[in-house]
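Working notes, structure below.
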Amino acid sequence: MFSGSIVALVTPMRNDSVDVHHLRELVEFHIAKGTHALVAAGTTGEAGTLSHSEKLLVIKTVIEQAKERVPVIAGTAMNATKDCIELTQQAMEYGAHAALIMTPAYIKPTQEGLYLHYSHIAQSVAIPIILYNVPGRTACDMLPETVARLAKISNIIGIKEATGQMTRLQQILRLCEGSIDVYSGDDLTAAQWLLAGAKGVISVTANVAAKLMAKMCDLAMDDDQAGCLRIQEQLMPLHELLFVESNPIPVKWAMNKMGLIGGELRLPMTELSEKHHQALEKVLKNLELI
């Protein structure tokens, strides 16, 4: 249903409010660069510090600006199942093509709790759902066996798996037997995952190197292994520097350098440490992004 380079959009801020003007411009930027789909109000979009109404504003703005030219996937993760259902229903009413739902953070549910959380959501909304496993940020790891159980639910259609572990991809593909699409959630290993059967990548790097990420995914889908890996090698210094501090700190700094957004973050996120400025600027210049 969704494939290729799927950007995890940042949320531009101005005076501690959502910068709708620059958010609309980002949608146009990605469509022009060939990005295949957009994620609104996800982790990279600072969803953890957005209010409920701000999340809806971001989702609605991206959907309206995209005008059906590319699919829009709404980040609707909430820790409480009932709250997640409510937000997902609202995103569906705005016209989101799917919902990306991260595992609950901090509360550390059991595997059965995860199964019940997602199955209740899926039964309550008529929209495709993409699971999202990122244990490095949530302290919650959804195991492949749980994914396989959830894959039997008709509107659970994919998983963003951010561990970057090739064995995890192989386990999910084997257990789910094609009943669910897998998306890389780790830019550093995305090319290898694409060539091993992942459907796409939900990418931080695509915020900056949109055209190259889209090309890398196109080459992978065309089974051009050499071409795909060549672009991945070219992008590796950027991938690494975009995670020298917590996402989206580095990517917002880079986008500010590129003139795409103002670069403002919401506390407790802070600006990129000065010690990383020179290296990231050099990589952006090497890639002819500034």
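The backbone N, Cα and C atoms fix where each Cβ goes, glycine too.
Annotated features in Swiss-Prot:
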| type | residues | note |
| --- | --- | --- |
| SITE | Thr43 | site 'Part of a proton relay during catalysis' |
| BINDING | Thr44, Ile202 | pyruvate binding site |
| SITE | Tyr106 | site 'Part of a proton relay during catalysis' |
| ACT_SITE | Tyr132 | active site, proton donor/acceptor |
| ACT_SITE | Lys160 | active site, schiff-base intermediate with substrate |
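Here the features listed in Swiss-Prot are placed on the structure.
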residue : record                                         : contacts (Cβ under 8 Å, 6+ apart)
Thr43   : site 'Part of a proton relay during catalysis' : Ala8, Gly75, Met102, Val134, Arg137, Asn247
Thr44   : pyruvate binding site                          : Ala8, Leu9, Val10, Val204, Asn207, Asn247, Pro248, Val251
Tyr106  : site 'Part of a proton relay during catalysis' : Asn79, Thr138, Ala139
Tyr132  : active site, proton donor/acceptor             : Gly42, Ala77, Leu100, Ile101, Met102, Thr103, Ile159, Lys160, Ala162, Gly185
Ile202  : pyruvate binding site                          : Ile6, Val7, Ala8, Val39, Gly42, Leu100, Lys160, Tyr183, Ser184, Gly185
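Over all protein chains present, the Cβ of the residue listed as 'active site, schiff-base intermediate with substrate' has 28 other Cβ atoms lying within 10 Å. The secondary structure of Tyr106 (site 'Part of a proton relay during catalysis'), as reduced to three states from DSSP, is coil rather than helix or strand.
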